[in-house]
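First up is the structure itself, then whatever we jot down about it.
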Amino acid sequence: MYSGIAMPKKKNKSPSDGDNKSASIPRSIPAPAEASKPKVKTPQPQAQPSTSSLIICRNKHWRYISSFHGPWLQLPPEVLESLANNNYTLPRPRPIDPAVFFDLLKVRQLVEEATTLAVRAASGVTSSSLNNSLNANNNLLGNAGAALGLGGGGGGNAKLSPERKHRMREQATQKLSKAYHFDEIACSVATMQSASTLEDVAQLVLRRNPDDPDAKYVHFFHEKIPSRQLAECTSLQSLDEIVEARPYEGEILRTRAVTKIFKEDYVGAAQDLTLALQVCRYYHNKHKEGRQQIQLASEAAAEAQRNNVRWKEETKFDEEDHPRSLETQILFHRAGVYLTIAHQHINSALPSKAASYGRKADNGKVPASDATEAPAETAAQKEARHKRMDARKIVKTNAKRALRDYVAYLSQFDYTPGLSAEVTTEFIRKVNSVANSFKIPGHKATGKPLDLESNDSLSNGSLSDALVQRPDRSSRSVPITARSSDLPSLPAPTVYQISALFSATPPPGLPPYPETQTALSTKAQLESQQPPVNNYLGNDYHEALTYHPLLTDALHSLLLCHCLVQTSKAELLRHAHMVARLARVCDGYPIFQAARSPSRADWIEVVRRGENWIGLNSTWETLCAPAPLPGQSPSNAQKETATEKEDRLKQQAIMEALEDDRVHDEASFHAAVAARQRRQREDEVNMNGNKEKAKRWAQDDGKEYPISTERAAAIVRWVREAPVGGEGKKKKRSAKPAAAKTSVEDLSASLSTVTECLDQVEEEVE
């Protein structure tokens with residue numbers, strides 16, 4: 001009797017066919033394409049200390065994940081789609097980059113559809129029976145018979161077959177693969193907010209079909225590895241197989257390049273990104289004509305909206321007409337790779353500290369006696385000098401490449417200085433003149449209403465309600481006739497590409513920033529003489545730009561590149577002020593949260609440890625403070641108390657510590673916060689005029705927890721010690737010019753292997 005009861009239990013466990021999650025599933029994960037890999041991977045987690053026992057998915061380690069957090073993860077897909085379409089039809093500069101906005105929309109849709117399929121496959125219940133059970137639950141209070149199981153809600157016991165479950169998981173995997181193709185960072189963030197069923201859907205597909213490329217790609221992101229050990233516990237074999245099967249997909253090359261960045265194979269990452277850029281531009285040019293037509297349609301819609309033409313229906317664009325952000329992603333990642341290669345060769349490009357201290361005086365310059373005397377170099381010294389010259393060329397060459405890619409990245413986005421004070425004042429004068437000159441009855445109104453919605457990026461969007469009375473509803477159908485020429489209209493603001501702001505000659509018409517004391521006093525006098533409406537509008541330009549989650553990091557990386565290229569102080573100061581101008585108006589709300597930027601932290605550290613060699617007239621935090629809203633005066637801000645200042649500095653230290661990648665436990669977090677609070681106290685002493693204690697931090701207190709990263713420390717050393725134009729002074733002191741030419745030829749012929757590899761794959765950007 002008891003044996004008859006036990007037998008069905010064994011039968012229920014045996015035919016699971018991989019549907020229920022058992023402890024044996026992780027052992028069979030690598031079976032699809034890496035038969036020998038489990039022997040390599042399994043010992044590694046056991047050899048790690050107890051602090052790394054956390055096992056998480058690989059996509060949780062991805063870079064710049066914090067930049068893609070925001071309310072877009074919680075908004076309903078219908079609302080997100082409406083916002084994306086409206087954002088695309090707005091006049092330039094659009095608030096959010098349309099390419100990344102449409103990618104976010106498609107990622108949300110695909111992830112939610114994949115989640116529904118994966119949950120249904122895991123539950124094993126058909127959709128019809130699931131709906132019937134939900135309807136029965138909804139009628140629980142209204143129908144007592146259904147509550148007792150005597151009425152409707154039947155069919156709730158229908159189960160899915162194993163083949164049907166497999167097909168549903170395949171569809172879910174295909175949707176996830178498509179989402180990761182669009183944007184792997186955004187998809188990683190979206191899957192973190194979804195059900196945990198998505199983490200296992202790809203490996204279950206691989207158990208039935210080990211050669212499925214979509215399942216391999218998704219499983220690469222969802223495979224569980226020890227925390228903070230991505231480089232040690234990641235193999236490129238699955239990505240190599242996908243690239244071999246689908247060489248026309250630049251997205252796979254992008255993913256493999258990012259993985260190589262984690263594994264510190266920067267040359268290989270540059271090769272993959274260059275090939276991905278070629279593939280992306282090849283397929284982009286094939287559809288360029290259709291994309292241009294869509295772009296023209298979008299511009300026409302924006303122009304119509306600017307001309308106060310209201311559309312009754314929302315404009316929707318097909319998926320094939322959406323702009324793609326793949327090229328933007330590739331340019332950003334490749335620029336970061338080149339910048340990393342550049343700063344890694346800084347220490348080998350400069351003399352050792354012991355040699356430099358022996359040759360230089362206290363002021364950091366070569367003594368006059370050494371300048372007149374040129375001792376003969378030994379063979380070892382000559383070889384070391386040649387190596388330094390080769391490394392120096394690698395630094396500058398890759399810094400120029402990074403600078404070129406960052407400029408190409410910034411060319412994808414727009415900036416407008418807005419309308420000047422003269423234009424807005426004249427516009428208000430015309431509006432008041434028109435409003436007070438004549439009156440039009442409501443039923444005979446023929447003029448178009450004043451509509452400033454197309455200038456929301458330049459104002460607060462409520463000026464039309466405040467300045468002009470709305471026409472009667474009965475006059476909306478009346479066409480625009482002769483009186484339309486008498487009504488004032490705002491001119492379209494001038495729009496520039498952001499890359500144009502960093503050209504050798506900046507575009508004209510930009511408002512001065514930062515303002516001098518003379519300009520501020522003149523501005524205060526003008527504001528006191530203006531009427532209240534003018535003060536509400538503000539006499540300043542209302543600047544705006546197109547937001548991208550990685551824009552802040554790219555802008556500060558651009559400044560680091562200029563440091564390595566050895567741009568002049570005056571030019572670098574102009575670029576720094578331009579970055580601060582853009583950073584103060586760079587806001588992705590209400591779609592994105594404020595982005596964290598490692599490059600911004602490094603730039604602040606370079607300026608601080610470089611003793612502000614470019615001559616900024618204020619701290620970087622002050623220069624990048626958010627610009628006041630229209631009608632808001634910065635002078636109205638109340639002075640903070642000592643307690644409020646202490647709380648603000650403490651919160652700032654905590655946020656900076658959380659952004660530090662080296663913080664991995666509670667002890668390192670407390671050490672990072674304490675070090676930053678110590679530096680804040682030293683900066684306060686420095687601002688009061690005592691600079692000796694500020695230098696002591698870098699020598700003594702910084703040894704407890706170094707705030708500065710390796711990149712910031714290397715760039716600071718380059719700024720201080722790198723000679724401008726190379727070691728050309730030795731050539732001038734040489735008595736034989738021919739020998740100097742020969743040395744130059746020898747140096748050009750002895751380029752390092754890194755530069756040769758990069759030159760082979762480098763693409764000429766036209």
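From the backbone N, Cα and C atoms, a Cβ is placed for every residue, glycine too.
Matching 145-175, 672-702 against TrEMBL, the residues noted as region 'Disordered' span 672-702. Of all ranges given (7-34, 287-314, 343-370, 623-650), TrEMBL attaches the label coiled coil to 287-314. Note on the coiled coil (287-314): its mean pLDDT in the predicted model is 51.
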